[in-house]
Every structure is written in structure tokens, then in C-alpha cells.
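S.K.: Checked Swiss-Prot, it gives:
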BINDING   118, 171, 172, 299, 300, 301, 453  substrate binding site
SITE      171  site 'Transition state stabilizer'
BINDING   194, 197, 232, 393  NADP(+) binding site
BINDING   247, 248, 249, 250, 251  NAD(+) binding site
ACT_SITE  266  active site, proton acceptor
ACT_SITE  300  active site, nucleophile
């Protein structure tokens, strides 16, 4: 029995179309239009959401601006209390939200539930961390700088930016919405959420949990619609004071149009896995399979290219192939390891990379197999730098192996990429691992583990085309605030008294 849009969530559904949320109410768009969300498994329309107009975006922004002023004056402990309540409601209603993730983005059922629970934990932790971070200020006295007496005291604290525009990606529409919503709200900001089309209904259910928690009217909005209609309008809106975006190269275009608005962006990666001769090959093979093929490789932090020393390449490829043969391929409802990729266009793009590699002589460790959006796991050996898949991000269950003859060769390939999100190194020599880590031009390097985002309080950032700024709970709270200073001027130096 379907759980989405029923029970406490019934009010977010208008017939067959999910409403959008603005000014504390669930609304039907005046456009009279809707956007279809196609189930990646059935390739049929699963849900519909409102196609909001630019005027409706304007009204949401106006309401956010008004609500934010009052919210910023709300005591910090009260903000935290409402966030804790929202987190509890979110976890209580994990089943219908997880159902949406299964049907919208083909996320395996067990992983869908885990994402919702993780999102609730993230929001609670954010509330706790926010009380600590924002509850502290800084005092600086003037005589610490040469030539000054102690006649000035500078008190600095963090204040909200205003209205945060949050744009999460399809692959983690709940968790990466929570990672933006929580920090924005605890810091005293208002928030306008523009969810991805695939994942929009899960996001709407999530927003309703915040509605049920009792956040002030207008503080949170969730607008849905076509990017061609409201995408640029949102990102260039004069009412936006901060943009937090996770996704692909659309973010580069946003950054060029954003002007003076602070940006937090994670835009993908080509995460390299460098394997040295002394590595634990069982550990390596397990992490290559987990890192490269979890959620069908549709993760920014997935292993995207394996750079392995020639002397151990055959052994590692053999171990990886044995593990790939055991993966369950099928629909997400069956908790399959490999599920359909999110859209037909994504599957076509992946196939294009595979065919290019085939034409240029890559070794296919498995037969290439595709049914609709479902692509079976494929390891490509003897990949060369002239193949597209050596550089482009497939975002699917296809992984290239490049054989190298030196550590320097592996580092060079990693650093030649226009991406720089994460990378990983497998070796028993910690000294060598640190040296390689320092040489890799990535935001994070994992030693003896596959790339990963999290735990959610860890710093998470990319270099080059992989992003701007840093995420993680503490970093996000700091990014969504600005420093306000008050200087107390004394008529005479304070240490003359007493």
C-alpha cells in the first residue's frame, strides 16, 4: 500500500499533483501546470509536482524576508528546540519518505530508510552544534596591536545572512536538503528550497515534517517547477542572500550569475583510487566495489577511476570481478545492489562512454548489458588517457582501471583532472600515504578506504571544478552567517584603574 501523500501528508497532495509550500501553506500553482516525475524503474510517470510561476517565487521570497527578521530575534535555544522536534518527526515518518526515494530515484529500499534516519540525525546534531558555535563570541582588546593602548574593546558575534536558497541534488534529496536546511535555520536565516525534479516529492514530504514541527509562517518555502521557468529566476533573485547548491556543472553557471552572493557549491568529481604494491588486496577490492558501485555509482564521492600498479593489477581485477559477480541487479524494492540509473538520458550518456572505450580498445571484464535505465556493473581494464571515461564522470555502474608504473604517474593523472573532490590511497606505508595525500589536488583524501561524504560533521569540500567553499555541519553554519562587530571606546585605557 502506498504511504506517500497519505495520513499526515494528505494535505500536500491536490488530486494527483503535489502542492508546493510557501508562507506556511500548501498551495496549488496558478499556472495550472505540473511537472512529471518518471519512475526510473518502470519509466512511467510516478508523481506530479506543481510548476510554480515566477510570481509565486516572488511571494515566497517576500514571505521569507519578513519571517527571517523575527526568526533572527528568536532565542537560540528555541530555534534548536524546533529543529530537534522536526528531526524527531522526520524519523517518525521515515517510511513514506523512503518510499518516495525508491520510486523517484530508484534508491534501494534499505538505503532509502537509512538516508531519512541519517537526515534526522543530521538536523539534531546541527541544532546542538549551532547552540555551541553561535552561543560564543569573541573579545579583542586594542593594545594587542602595536601602537595602541587598551581603550577599545571589539566584541564580535555571528549573525544570519538573511534568505538562503538551497538546491540539493537528485541522489540524496533528503540528506543533502537536511544538510542545508538545518544550518540555515539554526543560524537564524529563512530558507527557500528548490528540490531536484527527481526527488522533489521526497523533499516535499520532508518539508512537511518541518511544517508540523511548528516553524514560523513564511520561514521555509519549497518551490517546484521547471528549471527553464524558475531556475535562473531563483538563483539571480535579489532576495537571495546565500546559495547552497549540490549538483553538476549547472553550478558553474550559477556561480557566474550570483554576483556578490556567498556561495557553497559541490559540483561533482572524478575521484581517483591509487593502489600501491604493498596494499591489502582484499581491502582494496572490497572498497573498489563499495566505492565504485554503491547506488549504481550515482554518487559524487564514488570511485570514478582506479589507478593501480601494474604488478598487482591482475590480482586486484580478478578479486573485483569476483565480487561484482555476486552483486544483485534489479529493482530498488528488492534491495538490489545495482538499480536503474535515474533517467534515460543518464543511461544513454553512460553507454556513450562505454562505446567510446570499446572502440579504443579497453578490456571489458564483463559483457556490457543494459535494459532500459538498468545497467549491469562493468569493470573496464586497460583504459588509456585518450578514452573519455578516463576523465569524464559516468555517474553509473561503470568503472575504469588505468594501470600505472609509478606513484608519480598516478598522482599526475589525478591532478590532471578538472575535478578535485576526493581521492583515496591504499598502502600499508602511512608515511608514503601522507606524502601522496599532500600531492593530490583534492578536497579530501581517504587513506585505506573509498571516498565518502561523512560522517556529516566532517569537513567536505572540493577543489577546482568540484566546488566552492566547504560543507560539514560546522562549516555550513559558519558559511551561512556573517561577523558583526561592536567596538566599545573607553575615555582612558582600562588598565589604568585599580
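One is the number of the first residue shown, and numbering goes on along the chain from there.
Glycine is no exception: its Cβ is also placed from the backbone N, Cα and C atoms.
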S.K.: Where residue 393 (NADP(+) binding site) and residue 118 (substrate binding site) are concerned, what is their Cα separation in Å, rounded?
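M.R.: Distance between the two Cα atoms comes out at 26 Å.
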S.K.: Could you give the Cα-Cα distance between residue 194 (NADP(+) binding site) and residue 247 (NAD(+) binding site), in whole Å?
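M.R.: So the alpha carbons of residue 194 (NADP(+) binding site) and residue 247 (NAD(+) binding site) sit roughly 12 Å from each other.
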S.K.: Fill in the CA-CA distance, residue 266 (active site, proton acceptor) to residue 247 (NAD(+) binding site), as an integer in Å.
M.R.: 6
S.K.: How many Å separate the Cα atoms of residue 197 (NADP(+) binding site) and residue 248 (NAD(+) binding site)?
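M.R.: Per the Cα atoms, residue 197 (NADP(+) binding site) and residue 248 (NAD(+) binding site) stand 14 Å apart.
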S.K.: For the substrate binding site, please report the maximum Cα-Cα distance among 118, 171, 172, 299, 300, 301, 453 in Å.
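M.R.: The two farthest binding residues have Cα atoms 18 Å apart.
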S.K.: How many whole Å apart are the CA atoms of residue 172 (substrate binding site) and residue 249 (NAD(+) binding site)?
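M.R.: Cα to Cα, residue 172 (substrate binding site) and residue 249 (NAD(+) binding site) are separated by 17 Å.
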S.K.: Of the binding-site residues 232, 248, 249, 250, 251, which sits closest to residue 301 (substrate binding site) by Cα distance?
M.R.: 248
S.K.: Measuring Cα to Cα, how far is residue 251 (NAD(+) binding site) from residue 453 (substrate binding site) in Å?
M.R.: 19
S.K.: Which binding-site residues (118, 171, 232, 300, 453) fall within 10 Å of residue 248 (NAD(+) binding site) by Cα distance?
M.R.: 300
